[in-house]
């Protein structure tokens, strides 16, 4: 267009050209050219700036036009035409140069920059008003409650709205300043007649800058809204809670408070969800990174990815925010760093709790036992120490083994109690775990399916409750899905419960009834003084014990030859394969071993014996000595046991006809008969004994003095039912009864017998109380049931009583059955009323005075009486020798010696 002073109308050609193309910025050559330049259609270009219609700009343009004398003109743009906003998104900032100049009569109406800025302000104010209206609608819809609460909500809303309004106002001022800077840049470019391409690039940068600003504002608003979202949530929840509370008050109903509901939900989440704490920490960290990244993106010039990474660095290292510049970035970085410190503290607490829980789990014995072929003991009782000692001795030949103990006790307490036990474990490792044998998960924790033997101990206390718990334990063991490769040894307290346990456990179960075993041992020891020490040697693993093993080289040999085929063992029986593995004690000499038969022997260990060549043994002559017939005996029972009815049955079967059984305890006579009847005993059907009842306290001297203590052949002091739960109390009572009985017996001895005894034994001075008791012990046998090994040592030193250490003997039996379940059949026969049992025989049944014989020769003489000789006790010694060495060596014997044999019950 022509820029003349008169403002003449544009030419026709210029007008025609204006209809076919948009305006363009004039280049430097175009403005300063003196020639008529041919206009060609060019690509549409848009500017984001409106040049202001200032006089300075018009005068400058006119001066340039008149100085050069150019006839150039700008093409006219129709006022109805508007560039499409989709290319740059902000068509309000486009500037159009009119063809006829600012003063031409044909110039199209052009909006000034101030008008455009005012339009932008109106649009933004319209948006702000719209947002305020939206928020006000939301609050008006949600806060229809009582006036006080509505007033509080309105104040909060007003504060938030004012903050947002200030933020938008600041943003508008920044935008205006940026617009003014842009306008000044455009003026400078026009004054210097910059190239149109440079102006285009500047316009693109301005447009991208505006879009980036919009994104940053949106990111900042999103971060603010996310931070305010919990506040609105709790606010609406509180409003809803107040409304529901009012309704419930009207309806007289109760509802749990909001705090309790939230606490319950959090508790359920932490309890049910696995790894809830690490998951919550991860979510909090990601949320802080996102919010911090959005906030940094809104207040800095960095990209979104860089802002997120910068947010993570602030969280990971709280000192990184020191490099921030500006109030906005510093506030945001400080907030992120503070949140990072909280997350770091949470992470430290989580890691510390995890480590503490792991160590606590290890300390309390909750970790899994990874063992195979170990011995598993379930339960805790006073017998555990003796049982562990016997198992350690049994595993010594194997270099030690592994024993796992699981009980409902603290692991540290169990380990402390085991550490106090005064014996050598001989390489055996004892592992303790805390748990219940009734819970399959706890059984799996101790590798129950891989154990080679399982021992279930009876609890101290009530017998019925203890046996009921043992029964439930067997049920749990049979319910293991992986199955069991071990046999179960169950200690029971009452013989009546044995059938039920075997019914539940089937072939897996071997039972040891503690009270029944001790009762039978006491009866055997009362009839044969000194038998208790022999049982300790046979039951324990310290000396000789029973072993069963197959020797193919002995097939086809008679049993009388098998007896002298082992130099380091004594054969006692045969496990017959053709009879389903039945063990026959003391078989006939003519029995021939068949293929598959196994030999039962008494030996030091399972690897210390083997068959050898038959030795040359001189045929022993038969000594025809008639054994004295049994005489009626008088026996006293002091105390009351729950299985005393079973003891009476055994005594009736073993004593001669006409024997008397005196029962001295604190139970009334009528109550005794009722208890005996309830136990299954029919007093009228007793064949050999007569019951005599006396009531009294066994620890009161005047009550004991009412009894003819000097006339009894044997006295059995039982651990009374009232105190049997406490080993120390029961032993104290038994020891007091023993001392009182011995003292009364010594005082009732004739003076001549007392003097003769003092002359015969000079170890104690005349008048010594222990010497008087020892002389009384020669007149009658007292068998005391002792539970604590420390009391046993006192009695063995004083020599005033035979003793039966019940806990230790039962533990020995449990250990033997745990190592080899077949031994239980041998023990049951030796303890039963019928069959074979241990006997102590006088020497005159086998030898003559001063005769020199080998052990093998005496063994063959015993076989003539259908007995198996297993040991002897010399007259000048106190301890018997079981399975003696050098069996083929001759020695001189005395008639005061005694021999230990396995023979049928008399």
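Note that Cβ sites are derived from N, Cα and C of the backbone, with glycine treated the same way.
Curation plays no part in TrEMBL annotations; they are all automatic predictions.
From the options 7-35, 36-64, the stretch TrEMBL describes as region 'Disordered' is 36-64. As annotated in TrEMBL, transmembrane segment covers the listed stretch 279-299 rather than the other ranges in 258-278, 279-299, 300-320. Per TrEMBL, the listed range annotated as region 'Disordered' is 94-121 (candidates: 66-93, 94-121). Your range for transmembrane segment, going by TrEMBL and the list 194-216, 217-239, 332-354, is 217-239. Residue counts for the domain 'RCK N-terminal' (372-513) by DSSP state, with H, G and I taken as helix and E and B as strand, are 62 helix, 31 strand, 49 coil.
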